[in-house]
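Lifted from Swiss-Prot, the feature list:
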- ASP336: active site, nucleophile (ACT_SITE)
- GLU371: active site, proton donor (ACT_SITE)
- 459-484: region 'Disordered' (REGION)
- ASP443: site 'Transition state stabilizer' (SITE)
Amino acid sequence: MTQLAIGEATPHGATYDGHGVNFTLFSAHAERVELCVFDSRGNERRYDLPGRRGDVWHGYLAGARPGLRYGYRVHGPWQPAQGHRFNPAKLLLDPYARRVEGELKDHPLLHGGHDEPDYRDNAAVAPKSVVISDHYDWEDDAAPRTPWGKTVIYEAHVKGLTYLHPELPQEIRGTYKALGHPVMVAYFKQLGITALELLPVAQFASEPRLQRMGLTNYWGYNPMAMFALHSAWASSPEMALDEFRDAVKALHRAGIEVILDIVLNHSAELDLDGPTFSLRGIDNRSYYWIRDDGDYHNWTGCGNTLNLSHPGVVEYACECLRYWVETCHVDGFRFDLASVMGRTPTFRQDAPLFAAIKACPVLSTVKLIAEPWDIGEGGYQVGNFPPPFAEWNDHFRDAARRFWLPRNLTTGEFACRFAASSDVFKRNGRAPGASVNLLTAHDGFTLRDCVCFNQKHNEANGEENRDGTNSNYSDNHGKEGLGGPLDLMERRRDSIHALLATLLLSQGTPMLLAGDEHGHSQHGNNNAYCQDNALTWLDWQQANRGLTTFTAALIRLRQQIPALTGNSWWEEGDGNVRWLNKNAQPLSADEWQNGPKLMQILLSDRFLIAINATLEVTDIVLPEGEWRAVPPFAGEDNPVITAVWQGPAHGLCVFQRG
């Protein structure tokens with residue numbers, strides 16, 4: 001290998017052209033950048049990047065090939081009060097690295113210094129970037145492009161979904177390969193979901209605190225390298241990209257979209273006491289929101305916050321998203337703590353990143369889902385994201401739980417949430433699909449735990465049960481824990497059925513947490529982010545098959561109801577919906593606000609949802625006509641009903657006319 005040629009300022013990252021590798025690095029405040037390459041024995045050779053165009057440093061290394069391990073040492077001022085923390089003693093990951101070798105360990109050499117720089121060299125323990133080739137044969141792959149109105153999302157963890165699946169080959173359980181295996185594809189099709197939403201798959205690290213406690217970051221919301229796949233779920237690190245793309249291709253052939261949960265709000269460098277392994281040492285002032293005293297704005301609760309209004313960071317974020325779409329063919333993203341994306345530092349719908357995404361022909365056409373809050377002032381922004389974003393709807397989650405798990409909730413409030421929360425999302429030209437309805441998610445109780453626990457039980461997390469929310473709107477039905485007498489277990493089953501029916505038969509985009517259709521429990525842990533064990537892994541051998549069948553039947557029923565699949569707002573008199581009381585008459589103003597939780601919802605003039613959320617068996621007079629219960633509510637003896645349905649306490653049934 002020779003000295004570096006000047007090379008080009010684009011594309012960003014390390015790009016192999018068949019003859020060598022072009023390297024680029026964005027840093028607005030650096031004074032000098034060294035490329036450091038390592039041989040198989042760990043010997044290091046350094047090259048100054050000779051070119052600079054604007055804020056991008058670049059150089060070309062002839063003869064370099066995929067597999068080359070590299071990093072950067074970036075020279076510049078150490079001025080903490082101004083937000084500058086350059087320290088060339090620290091080897092830094094390329095933010096655009098497509099593969100990472102080594103883990104981010106809790107090691108003192110990885111700290112760049114607090115008030116004064118730590119000049120101890122860290123190359124021996126620092127993770128390394130690795131040059132790759134992106135070539136892959138996609139064959140005839142095509143994106144399913146499922147319309148929002150027909151979309152049913154299934155949120156899952158790569159490892160936890162398949163690690164205990166007895167029908168999968170042992171060697172692929174808990175890996176990318178398992179996602180596209182025929183056993184899993186067949187299950188997804190049988191269940192009826194249309195999109196698999198994966199918790200973070202970009203390379204992530206366990207926080208030093210967890211490492212010291214003997215725990216790991218299981219969920220993955222602590223990103224190291226946003227362009228690199230987490231290698232632990234591959235047969236080998238060099239195979240991660242191809243194995244992930246194989247899974248995407250297999251899922252696409254079955255008509256199933258792949259959505260990635262992506263963390264663009266903070267990095268694993270954490271606060272000023274965290275490790276310096278990339279952005280902090282490359283250009284701390286540009287990449288992060290810095291306070292006047294040089295510390296970080298912590299709007300994420302993770303110690304730092306990415307400055308997604310800085311032009312260089314906006315470009316980084318957009319290129320990251322485009323990489324996953326163009327190189328890995330993913331169909332969309334769920335953005336963690338997405339209010340950070342709109343901070344300028346206050347939240348704005350025309351924030352630079354939102355504008356860039358909307359203007360991008362690649363990104364503006366995939367599914368974009370915001371978790372519409374962060375922990376900073378003004379961070380709660382449900383309903384305020386611009387199109388084409390959809391949003392997690394916590395109003396729906398809380399209302400569904402409060403309606404069925406006895407709490408005070410009016411019929412009017414329930415109906416509003418059932419109708420895609422039009423008071424929140426019917427703005428800026430957005431359709432009902434912008435409301436992503438959920439009962440549960442990775443963060444919080446599972447559905448089974450919602451009906452078994454009144455209190456969180458997070459002792460295993462090592463924080464003396466202080467972590468996790470206390471606002472669960474759950475109901476143990478009279479006994480804390482999973483067990484109980486038969487009548488209690490039946491009441492819990494009925495509550496689960498009612499909640500699932502509410503989720504899957506409401507207007508908006510439903511999201512189902514993997515395992516809720518099995519009856520999976522985390523034994524009351526509502527913050528299992530550090531539990532990479534049987535607490536979070538789905539136990540397929542113990543799955544409640546009847547509940548799975550019930551859930552699949554609800555999804556099939558949903559796809560038959562035009563009022564739910566049309567993705568247009570319901571208007572009075574359009575035939576999509578009628579709201580009726582227990583006597584099949586329009587609900588009065590008093591019944592909307594003060595009446596018992598009894599109602600009927602007539603959809604598309606032929607599907608009737610009869611609801612008795614009271615504690616008493618109640619007769620409900622059906623609208624005129626002949627009605628027959630539909631699966632999963634129809635029994636073997638399924639007579640035509642022409643007058644009255646005897647609604648059991650906390651009961652729900654769906655009928656079809658004719």
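Each Cβ is built from the backbone N, Cα and C atoms, and glycine gets one as well.
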Per-residue Cβ crowding (10 Å cut-off), top of recorded positions ASP336, ASP443: ASP336
Between GLU371 (active site, proton donor) and ASP336 (active site, nucleophile), the C-alpha gap once rounded to whole angstrom: 5
Mapped DSSP class for the residue listed as 'active site, nucleophile', helix or strand or coil: coil
